[in-house]
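What TrEMBL annotates here:
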BINDING   C45, C48, H49  heme c binding site
DOMAIN    32-182  domain 'Cytochrome c'
SIGNAL    1-21  signal peptide
TRANSMEM  192-214  transmembrane segment
Amino acid sequence: MRIKTLFYLFLLLGVCQQMCAASFPMNIQDKASLQRGAKLFMNYCSGCHSLKYLRYNRMAKGLDLMRFAGQIDEGLLKNNLIFTQATINDPIQIAMPPEDAKQWFGIVPPDLSLIVRSKGAAWLYNYLNSFYKDDSRPFGTNNYLVPDVAMPNILETLHDQIRSRQFDESLLDLVTFLAYVSEPTQTERYHMGFFVIGFLVILFLVSLCLKIVYWRKIGIK
């Protein structure tokens, strides 16, 4: 009875997890989306925001920027995603000194390694999509979600270059990438989950068969 209860509990937890993941339409397993999001971050965000808990080589593996024999494609990584003097073994930092950042923005821009775990993917997507023009602000923009924010609308030029639907898709790619950054091991956990569930199913079937055999021997049906 306990085994059956545990089995149903694991299934319930899996369903709840899938429902929570489905609340925001992103797919961490989509390598193409992660690559596009990483490119957007490096081109538009990395000048001010760091990802200090993630190294370039770890990002390359997570984004499948690999050559044959499991080797990182250093040329592809350096030409497209490393715009500083950093090596592939370095954490993703910014070149801007904190003193300059505080002088220009009034505050040092925060590290975004854990932004999705802290605020949530939906919040971040809505925040990036909530900027509007406001001539009274120093950078000429404001934000509906976070009024009087010190951050400029860094994606304004991208929005002017592409259609609205394409911009929304680009935002989704960026948020998906930052969701990956918040917990890089979740891609491995996703694949490992199938083996764990398979093991639990086999264990349940074996336990059920043993229960039937043992109870039959002692005369209980």
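Each position is counted from 1, following the chain as shown.
For all residues, glycine too, the Cβ spot is worked out from N, Cα and C.
TrEMBL entries are annotated by machine, without manual review.
Feature map: TrEMBL annotations on the structure.
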residue	record	CB count, 10 Å
C45	heme c binding site	20
C48	heme c binding site	18
H49	heme c binding site	21
### Message
Helix, strand or coil for H49 (heme c binding site)? Use DSSP.
### Response
coil
### Query
With a radius of 8 angstroms around the mean position of the C-beta atoms of C45, C48, H49, what other residues of the same chain does the heme c site pick up?
F41, Y44, S46, G47, S50, I94, P109, L112, I154
